[in-house]
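A short worksheet on the structure shown next.
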Amino acid sequence: MSIITMVWLMKVFVFVTLLSLVFVITESAPESALITKLPGFEGTFPSKHYSGYVTIDKEHGKNLWYYFIESEKNPSKDPVVLWLNGGPGCSSMDGFVYEHGPFNFELPKKNNSLPLLHLNPYSWSKVSNIIYLDSPVGVGFSYSNNKSDYITGDIKTAVDSHAFLLKWFQMFPEFQSNPFFISGESYAGVYVPTLASEVVIGNKNGVKPALNFKGYLVGNGVADPKFDGNAFVPFAHGMGLISDELFENVTKACKGNFYEIEGLECEEQYTKVNDDTNQLNIYNILEPCYHGTSLSAFDIRSLPSSLLQLGKTEKRLPIRKRMFGRAWPVRAPVHPGIVPSWSQLLADVTVPCIDDRVATAWLNDPEIRKAIHTKEESEIGRWELCSGKLSFYHDAGSMIDFHRNLTLSGYRALIYSGDHDMCVPFTGSEAWTKSLGYKVIDEWRAWISNDQVAGYTQGYANNLTFLTIKGAGHTVPEYKPREALDFYSRFLEGSKI
């Protein structure tokens, strides 16, 4: 080979290399979505933050809003995790503010001041890239110019979220090869497996970009009407909240069926169970309740508008209060049809045990909304923890077959439960995971965090793990942040929990 030829080849190599570098630089996260500062936080973010809208239907002006945090560890290699709060209708910024986001929020010392933000040592962004998505449209900062889009359900939500993911990974192509997981809690027990199934079908059908989907996590999630409905009474008895005598009476009167309360004697005994547990915090029976003083004009404005309208159930108020929760309903949503919201259930009664003042104040501040690239309040309204805009239909049925199909297809699943949650008790999740009939490959045992027993776990064939977190409530990382980060990290790594 002549020297001239070698020089020419070298020039071609350099040109191609430079061109590829330019391609990598240009085909990356949109700089317009970068968050450079947040009022209330002093210092430097430990990793990059992005937020903004993804339009999934231009004709309708249908836009889903996200907040994305790169991993503080190794963003180019660490998994990408989508986080979904439940409801249906609750913003995933609930998880950002109160559970596993990058900041801890300190209440301001002065009225009308913004909360102070401190770095959260147990943020899930320590070990993963994480997307907080307001879904479905009409929730949080997500909106549509066509109000008919606020009439939706399980299947449409899964289709829309899949459309979001495809466009998001096109906007952030550098993460397309990273392992991808879907996670969520409460009614996201429906969102997660239905969306996961959409992703799997899309990949099989050659939809691009292909998502490197590996598995999913569900925390205290609804799954099936019978298993969820029958979980409460055994939980209350096991926790010592009702007497042996009452447990025997209600079991006999209802013939062990607490999913459908039938007959006067069954209803009377079941009401006694509710009377004994009615004053407890349903999200964590060890915690006190936050009680609103009254529905003053200010209180009404601070609550989701959905709380001010509905109430269509024949169940007595104590039963209604137990059935439905912050990331809400337990039994009602697993029946086919419209899912009632808090306002439908409680009428003029305040939501029990919930204090969302920090998130509401922070996310409705004009400077914060500007910093995180949301539409102004004058355009899309106030941010609400749980939206009243939706007419939401449960149309996906039981989640049991979704879980079976996903795990038999080789996808990893972690079903975790705070063991003091009375909203979606661990007894139901334990029962339905067992009902799949998979071989036990890791016998029931304690799992350890910080040299202490953090809960119990049982592993099954086909990549399924059931896990409890000792002392945690409905929103596990809110109560046990260190332990939550531990099991989350181990699961993503594929390590034994």
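For all residues, glycine too, the Cβ spot is worked out from N, Cα and C.
When other Cβ atoms within 10 Å of the Cβ of SER186 (active site) are tallied across all protein chains shown, the result is 32. What Swiss-Prot lists as active site is SER186 (among others), and the listing cites similarity to another entry.
Secondary structure from DSSP puts ASP421 (active site) in coil. Long-range neighbours of ASP421 (active site) (same chain, six or more residues apart, CB within less than 8 Å of its CB): ASN220, ILE282, TYR283, ASN284, ALA472, GLY473, HIS474. Residues annotated as active site in Swiss-Prot, with similarity to another entry given as evidence: ASP421 (among others).
The active site annotation in Swiss-Prot covers HIS474 (among others). According to DSSP, HIS474 (active site) sits in a coil region rather than a helix or strand.
According to Swiss-Prot, the disulfide bond annotation covers CYS90-CYS386 (among others), on the basis of similarity to another entry. In three-state terms derived from DSSP, CYS386 (disulfide bond) belongs to an extended strand segment.
According to DSSP, CYS254 (disulfide bond) is assigned to a helical segment. All chains included, 22 other C-beta atoms sit within 10 angstroms of the C-beta of CYS254 (disulfide bond). Under the heading disulfide bond, Swiss-Prot lists CYS254-CYS266 (among others), citing similarity to another entry as support.
Among the features that Swiss-Prot reports, disulfide bond is placed at CYS289-CYS353 (among others), with the record citing similarity to another entry.
Taken from Swiss-Prot, the feature N-linked glycosylation site applies to ASN111 (among others), supported by sequence analysis. Mapped onto three states, the DSSP output places ASN111 (N-linked glycosylation site) in coil. Around the Cβ of ASN111 (N-linked glycosylation site), 5 further Cβ atoms fall within 10 Å across all displayed protein chains.
Marked as N-linked glycosylation site by Swiss-Prot: ASN146 (among others). According to its DSSP assignment, ASN146 (N-linked glycosylation site) is coil. ASN146 (N-linked glycosylation site) has a Cβ environment of 12 other Cβ atoms inside 10 Å.
Among the features that Swiss-Prot reports, N-linked glycosylation site is placed at ASN249 (among others). The Cβ of ASN249 (N-linked glycosylation site) lies under 8 Å from the Cβ of GLN269, LYS272, each of these being in the same chain and 6 or more residues away along the sequence.
ASN405 (N-linked glycosylation site): 14 other CB atoms within 10 A of its CB, across all protein chains. Annotation comment: Swiss-Prot describes ASN405 (among others) as N-linked glycosylation site, evidence class sequence analysis.
Among the features that Swiss-Prot reports, N-linked glycosylation site is placed at ASN463 (among others), with the record citing sequence analysis. Over all protein chains present, the Cβ of ASN463 (N-linked glycosylation site) has 19 other Cβ atoms lying within 10 Å.
According to Swiss-Prot, the feature signal peptide maps to 1-29.
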Cα distance (Å, whole number) from ASN111 (N-linked glycosylation site) to CYS90 (disulfide bond):
26
Would you mind sorting out which of ASN111, ASN146, SER186, CYS289, CYS386, ASN405 (the recorded positions) have a C-alpha within 10 A of the one on CYS266 (disulfide bond)?
none
Using Cα coordinates, what distance in whole Å links CYS386 (disulfide bond) and CYS289 (disulfide bond)?
19
Highest Cβ count within 10 Å among the disulfide-bonded residues CYS90, CYS289: which residue is it?
CYS90
